[in-house]
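Database features, via TrEMBL:
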type	residues	note
DOMAIN	15-429	domain 'Major facilitator superfamily (MFS) profile'
TRANSMEM	12-36	transmembrane segment
TRANSMEM	48-69	transmembrane segment
TRANSMEM	81-98	transmembrane segment
TRANSMEM	110-127	transmembrane segment
TRANSMEM	139-161	transmembrane segment
TRANSMEM	173-193	transmembrane segment
TRANSMEM	243-269	transmembrane segment
TRANSMEM	281-301	transmembrane segment
TRANSMEM	308-331	transmembrane segment
TRANSMEM	337-363	transmembrane segment
TRANSMEM	384-401	transmembrane segment
TRANSMEM	407-425	transmembrane segment
Amino acid sequence: MPEILNSISTKTWLVVTQSCLGGLIFGYATGIIVGARGPIADKFGASIPLQGVIVCSILLGALIGSFAGGFAADRFGRKPLLLFTAITTIAGAIGSGFGPNVATICILRFIHGLGVGSSSSVCPLMVSEMVSEKRRGFFGSFFQISITVGILIANILAYAIAGEWKLMFCLGAIPGGLLFIVWAFIAESPVYLEKQKKKLVRSTSGNEDLTTKGGDCDAASSGSVKKSGFSVIFAKNARKPMLIGILLAVLAQLTGINAFMYFSTTIFLDAGIDGKNAPEIAAIILQVWNVLTTLIAISFVDRLGRRFLLFTGSVVMTVCDLLIALFFVVLHGSAKGWASIVFLFIFVAGFEASIGTLFWFVINEILPEESKSIGAPVINAFQWCFNLILSFFFLVVVEYLGQSTMFWIFGGIGLTTTILLYFNLPTSLGKTITSNPINNEVDTKNDSASPSSHNI
């Protein structure tokens, strides 16, 4: 690891730094609600459904920001989207800190969420486009590491300045300000610049001339007319990658990770950890564990392979969900609390060793090049949509149906997703950014089955 860090250029450092700051924006903005939700509810008398709205306002903004951000990055460039991320983060964080009522806070948290969502689209994308294949897995993991660090910082501050929700929100502007500084020095993605160059050549040469000079060969090799807009994600070579991407989004959200992070103090209370400040301290310990397991995971990303880590992690997460659900039914008192906490920590380790670390750059690796600018934002939006649904309904389900029911649901979703991933994940994840591992596998099988395919 030290030799890798010492050998990278200033340009690469800037790319990695913007990814880290994007992760900090993401982690802190979503994690600080752990400490702010209670004081806001007390001050404004917010009911449980209204508390769900407060939590979800930033997630709704993130959903829209991630979806629109992918298209904006493709049309206007990656660098302008970094600027948008910085500005909305600064404005949303400071504004929500001075919100006079719940409605205003929700609106400003929504604006903050636009920056969070755009960071989740553009920051990993720039790493995938501007870092070499050999180091992409290692540096691609830094986004997730920074998310976990941001959540940890949020939990520590929630304990250190308990009740000061305005200050908690305002401090979220700091990573936005640092990103603004990095934006001033970072270069535009060469992938985007190359696309713009091709568009310029196409517009000056004319489609007809371009086809005459070489387009016929490309069309013949692809066997189809080039698709545009949303049609590219429904193309034959994009359907399976899109399915896998959505399954990964389900695994990332609907098995429970963010319910654990956003409502960790509530879970610890229900598990019997109810001493003075005990739930808050337990939540901080959980976040420290979250960071440590992510740091350990990055050393295995390029060595053990994406498929192995994703499948193994999904099995661990599913088993933990089902066991925690069982513990809430059959155990009582301290036995229930400690058993639940042990497997909660194992769940977090399984998450960070697999989908937590891999999701953000794997979705850019599995998609064909022509589908990436549309497909990645769509998959990212699914991830935020599932996050939004889970965060809004978690407290309601727990309130009316109990903790065990929620964990049975998590376990059932995890089991279904694990089975589907087992039969659909390609074995060649992690190959070069301009190739598609899923369709490469199909092509290899077709080549071995058809001798004529070698004589093109």
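Just so you know, glycine gets a Cβ as well, placed from its N, Cα and C.
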Range from 81-98, 110-127, 139-161, 243-269, 384-401 with the greatest count of C-beta pairs under 8 A to the transmembrane segment (173-193): 81-98
Contact call for the transmembrane segment (337-363) and the transmembrane segment (281-301): at least 3 Cβ pairs under 8 Å, seq gap 6+: yes
Interface check, the transmembrane segment (81-98) with the transmembrane segment (12-36), three or more C-beta pairs under 8 A: yes
Two-stretch contact, the transmembrane segment (281-301) and the transmembrane segment (407-425), at least three Cβ pairs under 8 Å: no
Whether the transmembrane segment (48-69) meets the transmembrane segment (139-161): three or more C-beta pairs under 8 angstroms: no
